[in-house]
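Taking it in order: structure first as structure tokens, then the write-up.
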Amino acid sequence: MAMAPTVKVVLGSIAFAIFWVLAVFPSVPFLPVGRTAGSLLGAMLMVVFRVLTPDQAFAAIDLPILGLLFGTMVVSVYLERADMFEYLGKLLSWKSNGPKDLLCRISMISAISSALFTNDTSCVVLTEFILKITRQHNLPPHPFLLALASSANIGSSATPIGNPQNLVIAVQSKIAFGSFVFGILPAMLVGVAVNILVLMCMYWKLLSSAQKDEEDATTEVVADGDVISHRFSPATMSHLTSLNSLEWNSRLESVNMQSSPNMNGQVNHVETLRNRINSTENEIHSDTSGVYESARNSSASKEITNDASSQKRDETVSSRIESMDRLRDLSSMQFSSGDFATKWKRMLWKSCVYLVTIGMLIAFFLGLNMSWTALTAALALVVLDFKDAQPCLEKVSYSLLIFFCGMFITVDGFNKTGIPSALWDFMEPYARIDHAAGIVILALVILVLSNFASNVPTVLLLGGRVAASAAAFSAADEKKAWLILAWVSTVAGNLSLLGSAANLIVCEQAHRAPHFGYTLSFWKHLKFGVPSTIIIIAIGVTLIR
């Protein structure tokens, strides 16, 4: 593509530079408007500077990508409501065997969940779980936070729905979902394992000392628990005393208050039970007092009367108690049946959410249109929920969708200037995918651009050009070029704290977490990120097919 006129090149570069600054540094002092407003500002400047016409700007918005992104976000919202991420959090601490085991578990769970539910979602949900676990076991948080963020980025590379840049690649390249997964999956699995090894090597001493401290603390807790366990417990109340009317009434009221609105038909029955119990207790007291009164008035046959009254009182009390037990059992059966029905409805709804999600993934593997499949799954969950969908739809990140709209327009305008094409024309002879040296240079170009211009704009700028260059050799090389672009642009986010949105999410969530706040510094991340990223990218590129 030839270079545009000089005026258009300069103005288009200015608009793209403003977009880039606000996308990478959303809180710059001279214009702290954020990423979303920054992308819209860049798009608007492209039209105002006449780099693009209004029709070209609207045509630049890729609706299939937005539909796929929206559908997967809605599905993630319902999965969160179905406690999927709570179960993932419990897996982190279930039968954990020390800090090293916890580190491996975090890495694997983060990678798998990111491949299925996007890396950003996994980082948002799991960060606070990790902070709580490390706080409870007196562990240093930063190795585990690094494991979460880096493994989320690596794992998200394996599927087209793992991260935004993969969505773009999947739609533009038209690579089937299954072919995409099996092409990158070996690199992803090895990458997660290598990432764990790098973390272990860097923090082995820290994790070993933390494990020793944890064992000492556990020993102290067990010793204290042994002492506490020998304390005397209060005596058990008698059966009659435990059926005190005030206590029974309070229990009925508390259960009645906690019952759901659909149990209104049982309220009158509960009131009847309460009245019958109260009347029964009154009869017990009146009968007992009557027996004692008659015993005092009969002085001639005192001993006989006492025996008779005692026997009668025991029989009366026993019968009344048995009646109260039956009433109490009947009442508890009514409430337990209501709770049982509610639990089964909840379990049935959660099962439907999981089945719809699995069905969506199967449809992806079968090669159905990913955008419409994700939208269909999202609407199926809305219908199955049988409630007003507004609370769930409000959790969708519409700011991210708007950011993508502005970014599509801005990047398309920058492409119209001819600068990206000129740069690629210069690099193409050295970045040929038909030999190893060319693949290394291509990976370095993607790595640098992904950290300089962010990964999604890099994919939008380079994707078509890299694929066209590789297509000159064979269709297999074209597919391999797309997969290398997906792998390198995703893993490149681990290089620095600013390289990926997932890194920033973990950092921000950890800093703002109530009672567990921790600041992950730029240099701590860079110290780990540089060697890990270079090693994992180099190994992964050789495994992509």
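Note: Cβ is positioned from N, Cα and C throughout, glycine not excepted.
Across all of the domain 'Citrate transporter-like' (26-492), the predicted model scores a mean pLDDT of 78. The domain 'Citrate transporter-like' feature in TrEMBL is assigned to 26-492.
Within its own chain, the transmembrane segment (59-79) has Cβ neighbours under 8 Å at 52, 85, 117-118, 121, 161, 164, 167-168, 170-171, 353-354, 356-357, 360, 369-378, 381-382, 385, 392-393, 395-397, 400-401, 404-405, 408-409, 411-413, counting only residues six or more beyond its boundaries. For 59-79 (among others), the entry in TrEMBL reads transmembrane segment.
Annotation source TrEMBL lists transmembrane segment at 175-204 (among others).
Among the features that TrEMBL reports, compositional bias 'Polar residues' is placed at 284-309.
Taken from TrEMBL, the feature region 'Disordered' applies to 284-318.
The annotation transmembrane segment is assigned in TrEMBL to 353-384 (among others). Beyond its flanks by at least six residues, the transmembrane segment (353-384) meets 63-65, 67-68, 70-72, 74-75, 78-79, 81-82, 84, 116, 160-161, 170-171, 176-178, 181, 392 of its own chain at Cβ-Cβ distances under 8 Å.
Here TrEMBL flags 396-414 (among others) as transmembrane segment. For the transmembrane segment (396-414), the residues of the chain that approach it from at least six positions outside its boundaries are 12-13, 15-16, 19, 23, 35-36, 38-43, 46-47, 51-52, 56-57, 60-62, 65-66, 69-70, 73-74, 77, 164, 420, 456-457, 460-461, judged by C-beta separation under 8 angstroms.
Taken from TrEMBL, the feature transmembrane segment applies to 435-453 (among others).
As annotated by TrEMBL, transmembrane segment applies to 483-506 (among others).
According to TrEMBL, the feature transmembrane segment maps to 526-544 (among others). Outside the transmembrane segment (526-544), and at least 6 residues removed from its termini, the chain residues within Cβ reach (under 8 Å) are 146, 150, 154, 183-184, 186-188, 190-191, 194-195, 198-199, 202, 439-440, 443, 447, 480, 483-484, 487-488, 491-492, 494-497, 499.
If you look at the transmembrane segment (175-204), the same-chain residues 6 or more away from its ends with a CB under 8 A from one of its CBs are 100, 103-104, 107-108, 111, 115, 140, 143, 146-147, 150-151, 154-155, 157-160, 166, 169, 364-365, 367, 370, 479-480, 482-483, 486-487, 491, 527-528, 531-532, 535-536, 539-541, 543-545.
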